[in-house]
Amino acid sequence: MLSVHTSPLHQPGTGDAGGMNVYIVELSKQLAALGTEVEIFTRASAGGLPPAVELAPGVLVRHVDAGPYEGLSKEELPAQMCAFTHGVTQIWAGQLPGYFDLVHSHYWLSGQVGWLVAERWGVPLVHAMHTMAKVKNAALAAGDSPEPAARVIGETQIVRAADRLIANTAEEAAELVRHYDADPMRTAVVHPGVNLDVFRPADGRAAARARLGLPQHALIPLFVGRIQPLKAPDLLLYAVRELLDRDPSLADPGRLVVPIVGGPSGTGLARPERLRRLADRLGLTDLVRFHPPVGQERLADWYRAASALVMPSYSESFGLVAAEAQACGTPVVAAAVGGLPVVVRDEATGYLIEGHDPVHYADALARFAADPGLSDRLGRAAALHARRFGWAATAAGTVSVYRAATESHRFALRSAHG
Ligand code: UDP
């Protein structure tokens, strides 16, 4: 597996580490359990890292030197692709022939490396986009900068070169075909998963609130994720302001808490204080609580404690946090974009909202404020719904794609050699 720009060993929820990191870790562990050994190549982003680290039995993370360790942004990485590819081929050269059976690349930067090494090693290339420049650019938040043309060209090359593409949802597969002219026969849909051992209702909302020191009867709309314009945490703050304007008594102590769990990322890094300042400006200083990213066990308690997870993103290829929150028995109020309509069942496990008007988010939150039993009712259905997203199913689906890619690759090689 190739994960050039972010390491599976990084804490997700800030910087470049997010759902893709969780995806690679969980998928690799499940693949290893099914008998497919995995080696994940990632760029060394700190000095003194060991060349290889065992992440789990059968899963090895290899650090590749390419460019300066720290302080290199994702936008600067294309200049280091040659160095990275060189590092990967050096490691491969030290192995027995036929060491790798297949290359699985994640995100377009890795796809560029995968394109080259898969061809050189004579093995199939399977690629997962995770996000697509054209889709992202069509749904930018106000003031967010568009993805460059070089990325669009790079993605188009990978779509052509890959033996198989893996899309998170049927919608993403359709976007690959529509925007990148992908071959539908070579585009498979495999849903990401949720670690159902970690993300489960456990001892419930009251116990989680007690552990986190949160008021028992408060309305708690929770934001979890990387703080960047695309994820629109500001929209939640505007919605909370609207809610308070409708019912100022919600500002009384113990009635409303708005936790934001995660760190700055991408274009959000340019002004990391922006969201805090917005909270101050909207008069929400005492209600909004910022928390740095946390590990998955602790995160599960945040989900359980919330009345609802709010995910107002402009674009989301799947939205793992929406699936995780539901698995913990918490409903989700989400923008009806990307994979979220697959993850959230409107009116059954939460609410899907068209557009990005804070008033509509405030309407949804008002329903929770008016009906204290709503979180539990929708949450029970949410926990059941989320059970269909286990990582074991993702791994089984991925193995099928590997098999199909291997067969068609062999067939193509045979045809090419007469
Ligand atoms: N996450 C985490 N700790 C945090 C915040 C987020 O581990 O404090 C993880 C979360 O569990 C989820 C991932 O980061 O698996 C975010 O994935 P998502 O698909 O929601 O968004 P992405 O980051 O891929 O845009």
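Each Cβ is built from the backbone N, Cα and C atoms, and glycine gets one as well.
Automated prediction, rather than curation, is the source of TrEMBL annotations.
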Taking TrEMBL at its word that His5, Asp16, Ala17, Gly18, Gly19, Met20, Asn21, Tyr107, Thr131, Arg151 bind 1D-myo-inositol 3-phosphate, choose the one of Lys29, Lys74 listed for that site. Lys74
According to TrEMBL, Tyr303, Arg304, Ala306 bind Mg(2+); which one of Thr285, Thr330 is annotated to that same site? Thr330
Listed binding-site residues with Cβ under 6 Å from ligand 1, out of Gly19, Arg226, Lys231: Gly19, Arg226
Cα-Cα separation of Val294 (UDP-N-acetyl-alpha-D-glucosamine binding site) and Thr330 (Mg(2+) binding site), in Å? 18
Using DSSP and three states only, what is Glu324 (UDP-N-acetyl-alpha-D-glucosamine binding site)? helix
What are the sequence-distant neighbours of Pro12 (UDP-N-acetyl-alpha-D-glucosamine binding site), meaning same chain, six or more residues apart, C-beta distance under 8 angstroms? Gly18, Gly19, Asn21, Val22, Pro293
Roughly how many Å separate the Cα of Thr330 (Mg(2+) binding site) from that of Lys231 (UDP-N-acetyl-alpha-D-glucosamine binding site), to the nearest whole number? 19
Note: in the chain of Glu324 (UDP-N-acetyl-alpha-D-glucosamine binding site), residues six or more apart in sequence with C-beta under 8 angstroms of its C-beta are Val194, Asn195, Phe199, Leu299, Ala300, Tyr303, Ala386
